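Student: Swiss-Prot feature annotations, pasted as is:
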{"type": "ACT_SITE", "residues": "K184", "note": "active site, proton acceptor"}
{"type": "ACT_SITE", "residues": "E191", "note": "active site, proton donor"}
{"type": "BINDING", "residues": "10-15, 33-35, 75-77, N103, 478-481", "note": "NADP(+) binding site"}
{"type": "BINDING", "residues": "N103, S129, G130, G131, H187, N188, Y192, K261, R288, R447, H453", "note": "substrate binding site"}
{"type": "MOD_RES", "residues": "K38", "note": "N6-acetyllysine"}
{"type": "MOD_RES", "residues": "S57", "note": "phosphoserine"}
{"type": "MOD_RES", "residues": "K59", "note": "N6-acetyllysine"}
{"type": "MOD_RES", "residues": "S129", "note": "phosphoserine"}
Amino acid sequence: MAQADIALIGLAVMGQNLILNMNDHGFVVCAFNRTVSKVDDFLAKEAKGTKVIGAKSLKDMVSKLKKPRRVILLVKAGQAVDDFIEKLVPLLDTGDIIIDGGNSEYRDTTRRCQDLKAKGILFVGSGVSGGEEGARYGPSLMPGGNKEAWPHIKTIFQAIAAKVGTGEPCCDWVGDEGAGHFVKMVHNGIEYGDMQLICEAYHLMKDVLGMRHEEMAQAFEDWNKTELDSFLIEITANILKFQDTDGKELLPKIRDSAGQKGTGKWTAISALEYGMPVTLIGEAVFARCLSSLKEERVQASRKLKGPKMVQLEGSKQAFLEDVRKALYASKIISYAQGFMLLRQAATEFGWTLNYGGIALMWRGGCIIRSVFLGKIKDAFERNPELQNLLLDDFFKSAVDDCQDSWRRVISTGVQAGIPMPCFTTALSFYDGYRHEMLPANLIQAQRDYFGAHTYELLSKPGEFIHTNWTGHGGSVSSSSYNA
């Protein structure tokens, strides 16, 4: 008998928690897992006493669903998603809906959308952020794909999503085809950037200011009452305070080799592909790569010398405030770059993205949730066509206010030999973006000199000129070499 509102395939912790969240909101969910014993275990333990029902096979699961049938896949990205889709299609009817809630690559989502549309099935690729806790009590949801599916899943999605402000759900329709998963990918890239910026602030506190763990924890707690109020700042304070069973701080005992699952790398690759200078996320990915060279760094630390110890000028408290402002300014740059990539992707794929809506989706329930995102939403509400966050009056004045501190921190850190890849690239981007003239004219001349690639004159844009530079710039002649 058809009694379930929706089915979910994949009973790892995220899947189980999403089912329990839907159950809490009055929806009847049918649970299925490839290992059927997991379904029985779930119904006997975590889902005991709920309205959740189980299925012994995909056919059994489909028979228990109300029409149009809605099926969420929460399985490993890649081949597993395609395998389940292949098995589901013969069991479904025209107008039924398959939702991929995993971390799928956005191009895969676009391909699946197109393939399934031809078969009459509505496909949705939805970013799900917030981890296990978010899945259970309110994630950030970023659905995209075949928009015909949205009226049939909107009630469920917005009911279970995190709420902010006056109860606004952190979920809305993102856009066509792979838009939802693209937005989730950029979210994850920004997460990499936020985490690395916090690490650089921590490094400066520890090695320039010589702060103890409890002092650093207090600083992050204080910062969490400012514009930096966010989940990542909050947990950083908790991590710094956390003591091991021996009563000593746990953090210094953790091996300094950061792992990654690849979503930050995807963002950096997309930025290169679409010609967007998303430098901060790129540097955050490379910082993790460098951290993973632990054995090499141990050897290098014994052979490569850094600068002599630099005496900090001014008070420690003043420098700590400078670090806070440098972190805030760099964070603004990171989000500005992330939204530049979203805008470029929208142009590439013909998506209509609601940038303020995306900021709201990230405002709660996800790892990068912060008060700051409300300011981004406001900026796009003031001007939906805003080209860059830095051109919004609020963010322009915020960076103006932080600029002197930002430059002091980077100067001091460089002199002290502290690696700050994200602080420094953020400032370099800001300085590059605000320069009317950059030295790229020399690059164009060099390219024309050795490769006859032509250049434009400032006075004649759109007209491409080649110069025979021999005799004016040296004895090298032009060739067809590409660079």
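Even glycines carry a Cβ here, placed using N, Cα and C.
Distances, neighbours, how buried they are, the whole picture for these features please.
Tutor: Over all protein chains present, the Cβ of K184 (active site, proton acceptor) has 32 other Cβ atoms lying within 10 Å. Taken residue by residue with DSSP, K184 (active site, proton acceptor) is part of a helix.
Same-chain residues at least 6 positions away in sequence with a Cβ under 8 Å from that of E191 (active site, proton donor) are, in sequence order, L232, G264, I367, I368.
Long-range neighbours of V13 (NADP(+) binding site) (same chain, six or more residues apart, CB within less than 8 Å of its CB): E132, A135.
DSSP gives Y192 (substrate binding site) a helix state. Around Y192 (substrate binding site), taking its Cβ as the centre, 27 other Cβ atoms fall within 10 Å, counting all chains.
Cβ neighbours of K38 (N6-acetyllysine) (same chain, under 8 Å, six or more residues apart in sequence): L11.
Around the Cβ of S57 (phosphoserine), a 10 Å sphere holds 12 further Cβ atoms from the protein chains shown.
The local packing around K59 (N6-acetyllysine), expressed as other Cβ atoms within 10 Å of its Cβ over all shown chains, amounts to 11.
DSSP gives S129 (phosphoserine) a strand state.
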Student: Using CB atoms and a 10 A radius, I'd like the single residue among the recorded positions N33, N103, S129 with the highest neighbour count.
Tutor: S129
Student: Taking the Cα atoms as reference points, how far is H187 (substrate binding site) from S129 (phosphoserine) in Å?
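Tutor: Distance (Cα to Cα, whole Å): 9 Å.
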Student: What whole-number Å value do you get for the CA-CA distance of N33 (NADP(+) binding site) and Y192 (substrate binding site)?
Tutor: 31
Student: What whole-number Å value do you get for the CA-CA distance of V75 (NADP(+) binding site) and S57 (phosphoserine)?
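Tutor: With distance taken Cα to Cα, S57 (phosphoserine) is 16 Å from V75 (NADP(+) binding site).
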Student: How long is the line from the C-alpha of G130 (substrate binding site) to the C-alpha of K184 (active site, proton acceptor), rounded to the nearest angstrom?
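Tutor: On Cα coordinates alone, these residues lie 11 Å apart.
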